[in-house]
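Trainee: Here you go, one structure.
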Amino acid sequence: MDSGQQSSLSNSVRWLQMQSSTDLDLKSQLQELIPEQQDRLKKLKSEHGKVQLGNITVDMVIGGMRGMTGLLWETSLLDPEEGIRFRGLSIPECQKVLPAAHSGGEPLPEGLLWLLLTGKVPSKEQVEALSKDLANRAAVPDYVYNAIDALPSTAHPMTQFASGVMALQVQSEFQKAYESGIHKSKFWDPTYEDCLNLIARVPVVAAYVYQRMYKNGDSIPSDKSLDYGANFSHMLGFDDAKMKELMRLYITIHSDHEGGNVSAHTGHLVGSALSDPYLSFAAALNGLAGPLHGLANQEVLLWIKSVVEECGEDISKDQLKEYVWKTLNSGKVVPGYGHGVLRKTDPRYVCQREFALKHLPDDPLFQLVSKLYEVVPPVLTELGKVKNPWPNVDAHSGVLLNHYGLTEARYYTVLFGVSRSLGICSQLIWDRALGLALERPKSVTMDWLDAYCKKASSA
Ligand code: NMX
Ligand code: MLT
């Protein structure tokens, strides 16, 4: 047997091990899994609690804790060279084994949600049941719209979206249960209800923000017969079948990126104080809205459009190189390139590139993105300080959305936010089920570091 056959065999064995039972109810599947995972964590703690995971250096303390292992995050794991795996499955594996709307289509985000929560690959029937459950949870009270309407329509879409999520908090089941004295062993149950409600409702809130800002407030009601991704696309006003496929792929790949990224970490941190999922997720969105994190998708399209405005679509590679240097020399970053962990091209970029090659190979902005893929990495390498010169997820998403008519770049981070609810909420449920601790790392001052280092060097 050659190594290719061997790896496809081990993949299919792994997939079989990951298949769900036939039970259609996600919550009862979780109910079965939780005691097992609680025991596993207890054992890990009692048998290996004192094992060291590495040394903390002064560079790490000063440098944003890069490379410091310090969080438990069950739903996904990021390898610097290979990229993300959701519960052990890479993006191409998810595309192969997760149920799709039609044969050979992109994975349905509901299937990914099932996988994130249970670690198991759902059947088509289970995904359909979850899809219906989410559709039935999607009602948004009027005061949420009123809270958004209180803001000027010129407010950034992320401000409007996060305000809507905060207003959704009024219906928190966790807060109600906590106030009535629920036992901590049951925390996960109202957290589950809040999380599923939140995931169901964020597309409605997000679509409202879009319609309010760009389409004179004419909301499009949700269509319960559609799956999660297709319905979101529909509520935004895009009923093209390819745009629906893009939305399914988009929501699937942006959902989770292990626990240390700014939005996931913020959601987990705020949740560790037993703030309910709405409070935790709204905080996460505020982190996602920063230009070094999720807002980079907006920045990429605006930057690409500025290239076209100044130099035209047919820009040569030499001109492009000059433009990249101009951006760097003006003290700005090249948006969509670099990463805090990844050291290769982001597989989320790769699968979006494959989508473009299949569906929109002649799009001029896609061709510009392809040219940038050749031009930017050598320039960033030449700069000498960038640890990863390769493109990340945000370098590609905008041109795909733009192609199907979603041209408003300032809105793009809201789409990222809708997707990220799947990952952050899945982990929040597990945070409560496993009784994970309040997050409270130690901080020190420069005086403390000076004194510590002097003592260490004289010892
Ligand atoms: N353009 C210019 N300079 C860069 C870039 C870039 N794309 N990437 C890194 N650098 C600089 C960085 O600013 C730092 O400079 P200085 O020492 O002067 O502060 C130096 O290179 C070393 O940074 P790294 O260790 O390579 O990267 P770090 O882990 O600190 O930051 C990012 C990671 C993602 C913040 C950084 O690569 C960046 O700013 N990229 C552009 C923004 C972006 O695309 N963000 C989206 C990330 C993905 N997401 O969705 O969240
Ligand atoms: C993400 O998806 O969260 C980004 O790639 C940033 C990160 O992982 O640090």
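The backbone N, Cα and C atoms fix where each Cβ goes, glycine too.
TrEMBL annotations: computationally assigned, not manually curated.
The following feature annotations were taken from TrEMBL:
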| type | residues | note |
| --- | --- | --- |
| ACT_SITE | HIS293 | active site |
| ACT_SITE | HIS339 | active site |
| ACT_SITE | ASP394 | active site |
Trainee: Starting from the Cβ of ASP394 (active site), draw a 10 Å sphere and report how many other Cβ atoms land inside it.
Mentor: 27
Trainee: Which one, from the active-site residues HIS293, HIS339, has the smallest tally of other C-beta atoms lying within 10 Å of its C-beta?
Mentor: HIS293
Trainee: Express the distance between the Cα positions of HIS293 (active site) and HIS339 (active site) as a whole number of Å.
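Mentor: If we compare the Cα positions of HIS293 (active site) and HIS339 (active site), the gap is 10 Å.
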